[in-house]
Amino acid sequence: VRNFVTCRINRGFCVPIRCPGHRRQIGTCLGPQIKCCR
């Protein structure tokens, strides 16, 4: 997962920090500093 669209398709969401709670990172959204979490 490397962008906002594929993040959303994979039921993820983009955060500028590390993933909250028990969510795990499945990729990035806009470069490595924006994480795609699910």
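Glycine is no exception: its Cβ is also placed from the backbone N, Cα and C atoms.
In Swiss-Prot, the cysteine linked to Cys7 by a disulfide bond, out of Cys19, Cys36, is Cys36.
If you go by Swiss-Prot, Cys37 shares a disulfide bond with Cys19, out of Cys19, Cys29. Every protein chain considered, the tally of other Cβ atoms within 10 Å of the Cβ of Cys29 (disulfide bond) stands at 23. A straight line from the CA of Cys19 (disulfide bond) to the CA of Cys36 (disulfide bond) spans 8 Å. A distance of 6 Å separates the Cα atom of Cys37 (disulfide bond) from that of Cys14 (disulfide bond).
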